[in-house]
Amino acid sequence: AGSRLRDWSRRQRPAAYSLAAVCSRSMASKTPVGFIGLGNMGNPMAKNLMKHGYPLIIYDVFPDACKEFQDAGEQVVSSPADVAEKADRIITMLPTSINAIEAYSGANGILKKVKKGSLLIDSSTIDPAVSKELAKEVEKMGAVFMDAPVSGGVGAARSGNLTFMVGGVEDEFAAAQELLGCMGSNVVYCGAVGTGQAAKICNNMLLAISMIGTAEAMNLGIRLGLDPKLLAKILNMSSGRCWSSDTYNPVPGVMDGVPSANNYQGGFGATLMAKDLGLAQDSATSTKSPILLGSQAHQIYRMMCAKGYSKKDFSAVFQFLREEESF
């Protein structure tokens, strides 16, 4: 997959998007929707589409992830290509750029059987350059590709309150918004393909920095003798308040219903945060942008993963910092 992407990068193709908008697509609201990738985020997202009455054509590389959907009467197929054969609107929610490339252009990928006029929405967080290359490949098949990464975490995915950052042909935004609005409360058009990814990378870099800052402040306060719940209350009514402190606090016992209250299980994995910070680092290098704190955050999350936190939620940085006396 990596060599395939490099081959794509060497080709020079015009970025014209002359595809006609398929107006009937948005009107046929209850035709089947394909969904590929049923992880911590994809699972509740797909369930919200079901709640809105959409029949689903499901695929995940791990068959067990499909079982509850199959039990609910949804159709499970054996490859992304099979999803494309049965649905002309497909949402993908995958962990990495390589996974996205495989799902779209692999031996059994979407592009093997995609129908002309299909709308393909990728909600994975991947390299903006990969989104642009996938869009070119999709366009060659007469279909439409949009990148639509999400923000809000597992809680927002369950409640249908995600924020979608969408990049692609503006004429197709309304058709995408119809589906994405079933899973999110904010669906924002960002511009051409790749701009959704750019917005998401910037957001997640800031999130990582603010989570580390919250963890450091909470740890310092606790060591100074402050009760963590009291400290969190003060922070959240003061100028230090942020999402990491008031909605997703990293200290066990401060909040209910967040990963820190459940041994940092579920949520957004430290490995994925390290991956997103790597994307930010790559983008910063290519645009010659200084990201001093973003680079430091990247190293901290890489060290976390190397020290056994790779499967924990990214808020476990609190625990990691407490255990690292060198900090």
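Cβ coordinates are placed from backbone N, Cα and C, and glycine is handled just like the others.
In TrEMBL, annotation is done automatically, which means it is predicted and not curated.
Listed in TrEMBL:
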BINDING   31-59, 94-95, Asn99, Thr125, Lys275  NAD(+) binding site
DOMAIN    33-191  domain '6-phosphogluconate dehydrogenase NADP-binding'
DOMAIN    194-320  domain '3-hydroxyisobutyrate dehydrogenase-like NAD-binding'
ACT_SITE  Lys200  active site
Exercise for review: Take the C-alpha atoms of Met41 (NAD(+) binding site) and Lys200 (active site) and report the distance between them in angstrom, rounded.
Suggested key: 15
Exercise for review: Sort the residues of the domain '3-hydroxyisobutyrate dehydrogenase-like NAD-binding' (194-320) into helix, strand and coil with DSSP and give the three counts.
Suggested key: 89 helix, 2 strand, 36 coil
Point to revise | Cα separation, Lys200 (active site) to Ala46 (NAD(+) binding site) (Å, whole number) | key: 20
Practice item. List the same-chain residues at least 6 positions away in sequence whose Cβ sits under 8 Å from the Cβ of Thr31 (NAD(+) binding site), in sequence order, or say none. Key: Pro55, Ala87, Asp88, Arg89
Exercise for review: Could you list the residues of the same chain, at least six apart in sequence, whose Cβ is under 8 A from the Cβ of Pro95 (NAD(+) binding site)?
Suggested key: Gly37, Gly39, Ser124, Leu272, Lys275
Review point. Which value does the mean pLDDT take for the domain '3-hydroxyisobutyrate dehydrogenase-like NAD-binding' (194-320) in this predicted structure?
Key: 97
Point to revise | Nearest-integer angstrom distance between the alpha carbons (Cα) of Lys51 (NAD(+) binding site) and Lys200 (active site) | key: 26
Review point. Looking only at Ala46, Leu56, which of these binding-site residues has the biggest number of Cβ atoms within 10 Å around its Cβ?
Key: Ala46
Practice item. Give me the Cα-Cα distance between the residue listed as 'active site' and Ile36 (NAD(+) binding site), rounded to a whole Å. Key: 20
Point to revise | recorded positions (Lys51, Lys200), the one with most neighbouring Cβ atoms at 10 Å | key: Lys200
Practice item. For Ile36 (NAD(+) binding site), write down the residues of its own chain that are at least 6 apart in sequence and whose Cβ falls under 8 Å from its Cβ; none is a fine answer. Key: Gly42, Ile58, Tyr59, Asp60, Pro80, Val83, Ile90, Ile91, Thr92, Met93, Leu94, Ala103, Ile110
